[in-house]
Every structure is written in C-alpha cells, then in structure tokens.
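Working notes for the structure below.
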Amino acid sequence: MVLTRRHVDVDRSVRQDAVDAIQSEKAASFRDNVKTFEKAVFWSLLLSTCIVMEGFQLIILNSLYVLPAFQKQFGIANDQGEYSVSSKWQSILANMALIGQILGLISSGCMVEKIGYKYTLVLGLVGLGGAITASFVATKLWTLAVGQFLCGIPWGMFQTTTTTYASEVTPLGLRPFLTTYVNFCWCLGQMISSLVLKRASTLEGDLSYKIPFCSQWIWILPLIVGILFAPESPWWLIRQGRTEDAKRHLMRLTTRHYADHTNTKASVNMMFYTNELEKSRSGGIDYLDCFRGTDLRRTEISCNVWAIQIVSGGSLMGFSA
C-alpha cells in the first residue's frame, strides 16, 4: 500500500502516523504478527468457519441422488420399477442454489455497509436455519428447489463477508494466510459431508437423506454466539465515522503490549487517512469504471482467478457418488 497526500486534506501528524503504521506492518515478521494479532487470527478463523457449512451443503444434494429413499421420494419410476431423479430436475436443483448465491453476493455488500460484518453473518445464519428447514421437510421437488434457492442466499453472503473481514482485521503479513483459510474451510466442509453421507447411507427410510440436511443445524447456534462476541472490523467503523469505536475494537484484536495508546492511535490514523484517500479518488466513479483503463486489468485478473475454481472441473465432483 502506498500512501500519498494527493487530494486529501488531513493533519500532518495523521499522515505521518499512517506512513509509520504501514511501514511497521511491512517490517513485522510472520511470528511477530501472530503474537501481536493472535486475537485477530482467532476471530478471523471463527468467522471463516461459516464457509464450512457451504462446502458441506454444496455436495450433499448431488450425492443424495443415488440413495434409494431419496430416489423413491423425489424420483420417477421407469418401466422396470426403478426410481430416479430426472437430469432436468438435477440441473434445476443445482442452479437454484447458484442463483441464490448470486443474490447473496450482491446483497451482502450493501448489508455490510449498513449493519457491519458481524450482523450480516448473523442474519445469514438465521436465514440459513430457516432455509435448511425448507429442505428438511420437503416432500416435492419444487419444495426442495425453493429450499436450495433460499440456502444459496446466505451461502453467497458468507463467501464475501468472511474473506473481507479476514482481510480487514489482520495485518498485511497475515492476510494471505487467513484469506486462504476460507478455501480450506470449503474443503473441510466437503470432507465432513462425505463422512456424514457415508454414515447416513447405512440408514433406512427418510432418515438416510434427512440427517445430512438437519446436521447443518448443529453449526448455526455456536457460530451465532461466537460471532456476537467478535469485535467489528475497525475499517468498517472508520468508514462509518466511528473513530473511538474503531480504537476500542482494534484493542480487542491485538495483544495488550500492542494495544497501547501510541500503536492504536497510529493504526487508526492510518485507516482514517486511507479511507479519506479512497473517498477522494472514488468520487464520481461507478461500476462501468471497472472496465476502463487500468481498472480493466484488475477486473480481468480478479475474474480469471475466481474462474479457476469453476473451469478446473471442481463443480463436477459434486455429481460423483
């Protein structure tokens, strides 16, 4: 990060604190960062655990298609009396969740700016609890499709909110590791779902496919309680003009040695100055600017990086059983 004073009218001491804070973050070693921001690491890991639920659910439904009880409940019998879910409905169920995720991704940005990261995640978890209920009690394919659509909305919210929170509460030296942890949670959720499915496949009747759905409820209450106790992102508080709250929450994210008046003040001034710099540069900018000039290059890089997860064929694994 490079800080300049172009178009930003702030006190010289604030600008100097910002420069000092950035240089201090760059000079700190990995070990020093972990020791200083161990609380931030903990809270980042906790909130990122929401992604485990997404990784868990995304492959469950596709794996249920081979269960006899699920086939009999939601499938259609052929001439030999064998039940199966049509490929059309398999595509509908998968795409309904994706449509919900798109809505969740779009809405989460607006919600975060209004109510913060914590309460956005809490609302998502509460909504997910109800959406899981819709899938759990479903007896028709259209009901299950509605449940998948509703589940997709909080899943989309989790994807961006957890990653952004991790990048804002941790220093530069830890951000690559803690944002990557989100992908680990995705894989962890898939591993857990495989174990649950293996155990559930030995059960008879409706329980063989209902238990994988209801097992997600186990995560919701502990995550909500933990998130309510988590500190809010100081960067978000600065954007809301709540400087004193930003100082207090920053102290909750660091060790007592770091959270003295000097270090806290310098870090908050750095956030304040950076925020003012971004506001001065973003005046009059809209979404179309993402496709112009140097921002076009950034858009291309971002899109290609995220597209790797899809074009690698990872989504096809969900249809294996």
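Glycine residues also receive a Cβ, built from the backbone N, Cα and C atoms like all the rest.
Those TrEMBL annotations? Automatic predictions, nothing curated.
Residues annotated as domain 'Major facilitator superfamily (MFS) profile' in TrEMBL: 43-321.
If you look up TrEMBL, you'll see 40-60 (among others) marked as transmembrane segment.
Positions annotated as transmembrane segment by TrEMBL: 92-112 (among others).
Here TrEMBL flags 119-138 (among others) as transmembrane segment.
Sequence-distant neighbours of the transmembrane segment (217-238) (same chain, 6+ residues past either end, Cβ-Cβ under 8 Å): 43, 46-47, 49-50, 52-53, 112-113, 116-118, 121-122, 125-126, 128-129, 132, 165, 168-169, 245-247, 249-250, 252-253, 267-268, 271-272, 275. Look at TrEMBL and you will find 217-238 (among others) tagged as transmembrane segment.
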Could you please provide the mean pLDDT value for the domain 'Major facilitator superfamily (MFS) profile' (43-321)?
86
